[in-house]
Amino acid sequence: MDFSYERNLQLSGYQLIAGIDEAGRGPLAGPVVAAAVIFNFTEVPEELKFLADSKKLSARRRESFSKIIMARAENFGIGICDHQTIDRLNILQATFLAMKKALTALSVNPDIILVDGQLPLPNYSAPQQAIINGDNIIFSIAAASVLAKVARDRIMTAMHERYPQYGFRQ
């Protein structure tokens, strides 16, 4: 995976490009977690050359990439919606809320947001592009998918420690 999509946006005048993705929409338990990531480079660093969608990486690789992403990203943010919020809003609206929280956690405002999925964030003022399977083709979205998955896995591991009978770690 390369940085060509983001590079083309940079050539179009966008400088702060945020990729955003979520983890936890499918499972029946636990929170939905979103991450937003902004990089400030034109070429992918060597240590991130094999970054991929979090679902295609082992837990060990995700953890390793997560540390590198957090060290190399210009900015990143995490947003979480717990199960009560999911039950109250529905999973789609809770996902959008988690994504907005991730964007709010950034210390800068992105010029454009690349959202993994079919729909852009509703009621969000920044320019956006919704990209189906973006975590497979857009570097910054793949990075966000890794951060979101690692954050959610850590939450689920903590829940497993507290309630081992439910097998939340799996």
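Glycine is no exception: its Cβ is also placed from the backbone N, Cα and C atoms.
Remember, predicted model here, so these are calculated numbers, not experimental data.
Cross-referencing D111, D116 with the divalent metal cation binding residues that TrEMBL gives (D21, E22) picks out D116.
Counting Cβ atoms from all protein chains shown, D21 (divalent metal cation binding site) has 31 others lying within 10 Å of its own Cβ. Across the domain 'RNase H type-2' (15-170), the model assigns an average pLDDT of 94.
All protein chains considered, the CB of D116 (divalent metal cation binding site) has 26 other CB atoms within 10 Å. For E22 (divalent metal cation binding site), applying a Cβ distance below 8 Å and a minimum sequence separation of six or more within one chain yields V32, V33, A34, A35, T95, A98, M99, D116, A148.
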